[in-house]
Amino acid sequence: MLFRYHWRNRCRRFSQYRQLIFPRWERRLVRFMSAATIAAVFYGITILQTVIYYKRYPNDPWLFRYSVAVLWILDTLHVAISTHALYFYMIESFGNYLPLFGIIWSFPLQLVVNMLIVVGVQALYAIRIWKLGLKFDMVLPWLIFLAVAASFGTGIYVIYDMYTLSSFFDIPNISISIYIVFSTLAGADFFIAVTMCYYLHKGRSMTGFSGTIKIIVGLMRLVVISGLATSACSLFTLVAYIAWPNSLIFLAVDFILPKLYINSLLAMLNARNAQMREGAQERPVDGPKFLRFAPHTSRSGPSDSTETSVDIALSEMERGRSHAGTEDMMTFA
C-alpha cells in the first residue's frame with residue numbers, strides 16, 4: 001500500500017510537471033518551425049540570385065565567382081542540418097518528451113555553418129573595402145579586417161560554449177558569449193556599411209559627372225540597406241535573448257541570419273547592371289581614375305591589333321570610356 005501511494009504521488013507530480021513544462025517546449029518548437037520556413041523561403045531567393053549572378057557576370061574575378069559558389073554550398077548545408085534538427089525534435093521524438101531536454105548533434109553544427117557564412121560574407125566586404133582603400137587611405141580597411149577577425153573569434157567562442165552544453169536548460173550558462181558574439185556581429189556590419197559609404201562619398205566628390213554620381217548614390221543606397229538589414233537582425237537576436245532568455249526565440253531568429261547575409265551580398269552584386277544602365281543614360285565624358293580597380297577578361301572577344309578604320313564617332317568613344325570606368329567600380333574586386 002505504501003509503495004502504491006508513493007507511485008501515485010510521483011505520477012501525479014510528473015503529470016503536473018509535464019503540463020507546466022512541455023507546452024512551453026511545444027511553443028518553442030513552433031517558433032523553430034516558423035523560422036525554418038522563413039529561412040527556406042530565403043534559401044529559394046538565394047538560389048534565384050545565384051543563378052542570375054552566374055548568368056549575368058560570368059567574367060567576374062575568380063575570388064567572387066568561387067566565393068559565391070562556396071557560400072551557396074554552405075547555405076544548402078545549413079538548410080539540410082537545420083531540417084535534420086527539426087525532424088528529430090518534431091517527428092522522431094513525437095510523443096517522447098525526454099529527448100527534448102538534450103541537444104542533438106546537428107543543432108550546434110548548424111551554428112558552425114552559420115558562423116562560416118556570416119564571417120565569409122563579411123570577409124568579402126572587407127576585401128572590397130581594402131580595394132577601395134588603395135585609392136584613398138589604408139587605415140579603415142585594417143580596422144575592418146580587425147572587426148571581421150573579432151567576429152570570427154567570438155564565433156569560435158560561442159560555438160565552443162555551445163558544444164559544452166548537454167541541455168537547452170544550460171543555455172543561461174553561456175550568456176556572456178551570446179552577448180559578445182551578436183554585439184560584435186552587429187557592430188562589424190554597421191562599421192562595414194559606414195566605411196563603404198564613406199569611400200563612395202569621397203569618390204562622389206571627386207567626379208562631376210551626373211551619370212557616375214547616380215551609380216555611386218545607388219551603390220550607397222544598397223550598402224546602407226544591406227548593412228542595416230544584417231545589423232538589425234543581429235541586434236534583434238541579442239534583444240530577443242535579453243528580453244526572453246528562456247524562450248529560445250533568439251535561436252529561431254538565428255536560423256534566418258545567414259540567409260540575410262548571403263542575399264544582401266548577392267543583391268549588391270546583381271544590381272550592377274541596373275546601376276550601369278541608369279548611369280549610362282547621362283553619357284559622361286570619362287570615368288574618374290578612382291573608379292578603376294581590377295582588370296577583367298574581355299567581354300566582347302579578342303581584339304584585332306590592326307585597325308581597318310579610324311572613323312569612330314566621338315560620342316561612341318566617350319560612352320565606351322565612361323562605361324569602362326564605371327563598370328570597374330561595380331565589379332567589387
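Note that Cβ sites are derived from N, Cα and C of the backbone, with glycine treated the same way.
TrEMBL annotations: computationally assigned, not manually curated.
TrEMBL lists 32-54, 66-91, 103-127, 139-160, 176-201, 222-242, 248-269 with the feature transmembrane segment. The annotation domain 'DUF6534' is assigned in TrEMBL to 187-273.
Residues of the same chain lying 6 or more positions beyond the ends of the transmembrane segment (176-201) and with a Cβ under 8 Å from any Cβ of it are 118, 122, 125-126, 128-129, 132-133, 136, 140-141, 143-144, 147-148, 150-151, 154-155, 157-158, 161, 216, 219-220, 223-224, 226-228, 230-231, 234-235, 237-238, 241, 250. Across the candidate stretches 103-127, 139-160, 222-242, 248-269, the maximum count of CB pairs under 8 A to the transmembrane segment (32-54) is reached by 248-269. Of the candidate ranges 66-91, 139-160, 222-242, 248-269, 66-91 contributes the most Cβ pairs within a distance under 8 Å of the transmembrane segment (103-127). Panel annotation: around the transmembrane segment (66-91), residues 29, 32-33, 36, 39-40, 43, 46-47, 50, 53-54, 99-100, 104, 106-107, 109-110, 113-114, 116-117, 120-121, 124, 255, 258-259, 262, 265-266, 269 of the same chain, lying at least six beyond its termini, place a Cβ under 8 Å from a Cβ of the stretch.
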